[in-house]
Amino acid sequence: MKHIRYFLPLLTGALLAACGTTPLSTANPSEHGSTLQAQATETPPVMKLAAATGRIGAWATGRIGAWATSRDASTVPGGALNTFSENIAAWNLIHLSEAQALAPQLGKDVIVAVVDTGLDLSHPVFSNRLTAPGTWYDFVGRDTNPTDVRTATSAMYGHGTAVASLILQVAPGARILPIRALNADGEGTVADLAAGVDWAIQQGAQVINVSAVSSVDSDLSLALARAAAQGIYVTLAVGNEGVQRIAYPARNSTMKNVLGQYAVNAGAVNSDRSLASWSNYGSALELTAPGVALATAVPGGNYALVSGTSFATPVLSGTLALALGESYQKAFRGQLALQLNATATDIKSANLALSNGASDVMGNGVVNAQAFLQKVR
């Protein structure tokens, strides 16, 4: 069985450590022992090897405390639909309000597959926003119910719910295709991830969000290439190790082939355009997006603040969905990922402390949803 490593969220501020067992209101980071230590947002994720099953699980633990008091502020003045007031600075950074004004369909009925830990399918944010149940699949449980099997009150749960909610904050009209390819604790196999991508292709996905990384694997590479060959856009997280290296499969988005045309990878930045200290970066980085302390849905009908490149990635997915919901110029058919890169806002000046003054390690900058929509419409 091949090894796969999934980057689960850096759960910040008010969120339970991803692998903790302490009750939310009384959590003490020191009580997690040597297996997983609760860490501040700015600390790279903890890696854990589950050697008995031949799988690698990766969890990023966050600061522990009470739940965030996030509010569903779907009518934020002058702002985006289906968003949270806590995210206004992040959405201002990418000019989301202006982009949504340019895309009045708001990604209507664009199918975005979330190949992840499953979703809290009954969460209010997904009401009338999921594809038909017959299109769903759980490659972990081998059934058609891709529910995240744990809730926010459990010791551990996945981040598929949070990822899908962020997509809908950017593109409220989109439809989420839930596909479960890994456990709530972040463990899974490359085979299941590749199968999840293939399932998304078969179910008519127009965008596939993969907030996961793994060892290099030919089956996964081929599945992603098949998606691209069908004209499906793929968004990929670059990893949360805080190193100058883009993880696989995200680094494949820069290849000079059809996958490079349709795939795009994402690092995470703060609202001041500075790179999150735990976000990977490097010459194969393409774009960055807000990924620090974002308010989003989590299992159990709750909301919380989350951080990680896993959450920058759905910002790109949602932005692509905005364009796909409109009648964009025929000249840009198959070129949306390239134009997402071409219209990004340079952020080198905010990251001069990085090697070479960030001249060759910060990609094309932070996604500019407004400039992107202006270009392709």
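Glycine residues also receive a Cβ, built from the backbone N, Cα and C atoms like all the rest.
TrEMBL labels come from automatic prediction, so no person has curated them.
Since we're looking at a predicted model, the values are computed, not measured.
Features of the protein shown, as given by TrEMBL:
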- 1-17: signal peptide (SIGNAL)
- 107-346: domain 'Peptidase S8/S53' (DOMAIN)
- ASP116: active site, charge relay system (ACT_SITE)
- HIS159: active site, charge relay system (ACT_SITE)
- SER310: active site, charge relay system (ACT_SITE)
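Taking CA atoms as the reference points, HIS159 (active site, charge relay system) and ASP116 (active site, charge relay system) are 7 Å apart. Cβ neighbours within 10 Å of ASP116 (active site, charge relay system), excluding its own Cβ and spanning all shown chains: 31.
Residue environment of HIS159 (active site, charge relay system) contains 32 other Cβ atoms, counted within 10 Å of its Cβ in all protein chains. Reduced to three states, the DSSP call for ASP116 (active site, charge relay system) is strand. SER310 (active site, charge relay system) counts 31 other C-beta atoms within 10 Å of its own C-beta, drawing on all protein chains shown. In this structure, SER310 (active site, charge relay system) is part of a helix by DSSP. Cα of SER310 (active site, charge relay system) to Cα of ASP116 (active site, charge relay system): a span of 10 Å.
Annotation note: HIS159 (active site, charge relay system) sits in a coil segment as assigned by DSSP.
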